[in-house]
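Heads up, the thing below is written out as structure tokens.
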Amino acid sequence: MSDITEILIRAERLHQLEKAEIVALLANRVDDAELFGVADRIRQRYVGDEVHLRGLIEFSNICKQNCLYCGLRRDNQDIKRYRLEPEAVIELAAKAKSYGYKTVVLQSGEDVYYTVERLQTVIYGIKDLGLALTLSLGEKTREEYRAYREAGADRYLLRIETTDRQVYDQLHPGMSLANRLRCLRDLRDLGYEVGTGIMVGLPGQSQESLAEDILFFKAIDADMIGLGPFIPNPATPLRAAAGGTFELALKVMAITRLLLPDSNIPATTAMETLNKQGRTIALQSGANVVMPNVTEGEYRQLYMLYPGKICINDTPAHCRQCIGGKIAAINRTIAQHAGFRSGKNLGQL
Ligand code: 5AD
Ligand code: SF4
Ligand code: FES
């Protein structure tokens, strides 16, 4: 039996891995199908064949931060900025509901126009629709997170991006890993379902640091873990960077499923950007969530984190139908409930 097979057998039973074992899986170039098969089996056993759809609303591309990799960074003068007013966001959420989504995800840059008061308006409006609500608004104070939670937000996504301090500091001028960790801790304390994640293939990121990232997801027992390849954006200082690969991002995702068997793991848009079948392959390698875009019109194009982003010329109705087809084609079903990690339902919140 190969070393890789042995590692996988143990991981499937115990959902634990040493750092060196994770590095061995990442470095391995021969038996990846075996890894993906084990991840798929664990996904099936713990979270079943249902795929949870989360309707993604990208409501503002204005950001005060300057992350080196991101097209929304404040120094990027090459994009037209937009923000939707609270009423328009609620309207999109209502449409998302009409397409059958049970959860909406509100995502934006760190846009100071969106004060607690304006967000409360949006959160109340969306909770009145009976939807589960995930926020992805970046770093805020504990008091702000508390206010959103009290207004009714259920979940919060904040990728750690990398746990490697040196890489983190290089990519995030004026930000700190310590504050990001503080945010994740506050979110957990406040009773959110907490999502995090990373980009794979960042400049300076090693296999060891990817292994540390995966162990971090396990250590904080993340409820959701979103991962994608880093895709260099020509409108950013990292335009000439090598970028990540679909294959490595998929491996990091599959190993994450080994360690967090009942977490919610999306098949991400960035994966499909690098591989036409990326989300389908991810759903068969450990993922159980998809986040179709429900943003409308030109805003889709303007929310340009990285180039080549899929669906920028498609409508929400088209994406809903498209993703439904992909899920049916692999004999999976679309969940008809909110899809909390531990099967909690909205009534309990
Ligand atoms: N390539 C891939 N993902 C990116 N993100 C931002 N910029 C890029 C890029 N160039 C991701 C970050 C962020 C999420 C919203 O988008 O991980 O958390
Ligand atoms: Fe702003 Fe987020 Fe982009 Fe950083 S990754 S520049 S915080 S939108
Ligand atoms: Fe948007 Fe397929 S999900 S076109």
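Backbone N, Cα and C atoms are what each Cβ position is placed from, and that goes for glycine too.
TrEMBL: automatically predicted annotations, no manual curation.
Bear in mind that the values here come from a model prediction, so they are computed numbers and not experimental data.
The domain 'Radical SAM core' feature in TrEMBL is assigned to 49-268. Across the domain 'Radical SAM core' (49-268), mean pLDDT in this model comes to 98.
A C-beta separation below 8 Å, combined with a sequence spacing of at least six in one chain, links Cys70 ([4Fe-4S] cluster binding site) to Cys63, Asn233, Thr236, Leu305, Tyr306. Annotation source TrEMBL lists [4Fe-4S] cluster binding site at Cys63, Cys67, Cys70.
Among the features that TrEMBL reports, (3R)-3-methyl-D-ornithine binding site is placed at Ser136. Less than 8 angstroms from the CB of Ser136 ((3R)-3-methyl-D-ornithine binding site) sit Val105, Leu106, Gln107, Ser108, Tyr156, Leu157, Leu158, Gly195, each of them six or more residues away in the same chain. Ser136 ((3R)-3-methyl-D-ornithine binding site) carries a strand DSSP state (E or B).
Annotation source TrEMBL lists S-adenosyl-L-methionine binding site at Glu161, Arg180. With a cut-off of 8 Å between CB atoms and residues at least 6 apart in sequence, the same chain places Glu139, Leu158, Ile160, Glu161, Tyr168 near Arg180 (S-adenosyl-L-methionine binding site), listed in sequence order. For the recorded site, Arg180 (S-adenosyl-L-methionine binding site), the DSSP three-state label reads helix.
DSSP assigns Cys70 ([4Fe-4S] cluster binding site) to coil, not to a helix or a strand. Sequence-distant neighbours of Cys67 ([4Fe-4S] cluster binding site) (same chain, six or more apart, CB under 8 Å from its CB) are Arg73, Glu161, Leu171, His172, Met175, listed in sequence order.
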